[in-house]
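Among the features that Swiss-Prot reports, active site, 5-glutamyl coenzyme A thioester intermediate is placed at 302. Annotated CoA binding site per Swiss-Prot: 277, 278, 279, 280, 281, 392, 396, in sequence order, evidence recorded as similarity to another entry.
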């Protein structure tokens, strides 16, 4: 087939040009039940041409539910995985996903989904943990990776994310490379550490955010590369949810806390490397830092969003490391127009490095993430609404919160329901699912205030959280629950972390029955 001029410029390893194929030519390779790896992380850097061709093949041949795959991606993929879910093309999915169609299929039982700490998922895949039932000794049948260039040695230059690609390539039987000529080359931004399994590992040597010690592309055996496909579709990232009064209040509470920590010598004036999740609260915190007059900040995180660009451009942020740059189209345009400036201040690493517990602890990262709910003793639920309905997955929040110097969770004090504008309290007596334990969190913050939990006993934590974080509509209810639980526990000699199990989930059951967590009374306990 004819090779475009753009593709020839991007593919600098000549033997690969003989392997250029159309996506349609690859369709016969894919069989029901295969194990596939995709590149990508938080919806950027994912393959597009081959997954889209498979969707069309399924549509044209009425193969919905008949051509299904076990799909592994570093985190969430792009819109293609949601189309796969709509066409019943996914048997199993891990470890994180975003989108209504795939979440619906998971919660309807059509897709077997499991989430895992993102620092651990790629390495556990290489151990063969997720393919134990295979009888052919393989782990992945095909790895489909998006590249923005291929170097002279055949190695792969990824795009705006690295994710689990190095590990997936290392255990894939065959590799398909989609070279995206619609996206500028990201060559020079990456720092790749290839996987080494125990007992031959050595420590990651990074002691500063801006250190680069690995290689700037992903090595691959050219013999395993079976096809080069040109892709001409850019990543599609929707607009960020704008900050509102609630998220700005949370950001204000956090920034006041940081200033106080600096004042008392517990943080340096430029803080410590920051990790921030995604969403409007995370964006508001970063926007707040833009105006807070902190200088020479550094970032060690999973995902960079548009809000970080203002920090760079006003001189507050010196350097940022992540495994994904998840920018809107205007955000990418800002970066590409000033590429030399950003290239010298950005590093993209694999997720096993960006989320590595040893490095997070060594660097003293300040971790900030958003839960579904937290309870009065500081356990947090990040994944399952009412204990059962999966949202997206654990992601990397626990990688950071367990190991950070400061572990912070932020959320609105209350959320609306159809019948009550404050029908859901984010602070509950007992969370309906536990992702982060009371041992992981240092600080809980809502739009109502900030609870500093360091060094407090469970009952002290409960009062701090109720007084500082709970919505006024729920403070009396939560305090009444705690008082009654303490009365019960005093009689039974279990006062360390008192609960009334009979009432522990009454907020949730009341919500299911009446559309609000505002319980009218507690059931009596003896």
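Just so you know, glycine gets a Cβ as well, placed from its N, Cα and C.
Structure with Swiss-Prot features highlighted.
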residue : record           : Cβ contacts under 8 Å, 6 or more apart
277     : CoA binding site : 302, 303, 368, 369, 370, 395, 397
278     : CoA binding site : 42, 303, 305, 326
279     : CoA binding site : 241, 370
280     : CoA binding site : 240, 241, 242, 243, 244, 247
281     : CoA binding site : 247, 250, 251, 370, 410, 411, 412
392     : CoA binding site : 76, 96, 97, 98, 103, 383
396     : CoA binding site : 75, 117, 118, 119, 302, 351, 354, 355
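When the Cα positions of 277, 278, 279, 280, 281, 392, 396 are compared pair by pair, the longest gap among these CoA-binding residues is 18 Å.
Counting every protein chain shown, 30 other Cβ atoms lie within 10 Å of the Cβ of residue 302 (active site, 5-glutamyl coenzyme A thioester intermediate). Under DSSP, residue 302 (active site, 5-glutamyl coenzyme A thioester intermediate) is assigned to coil, being neither helix nor strand in the three-state scheme.
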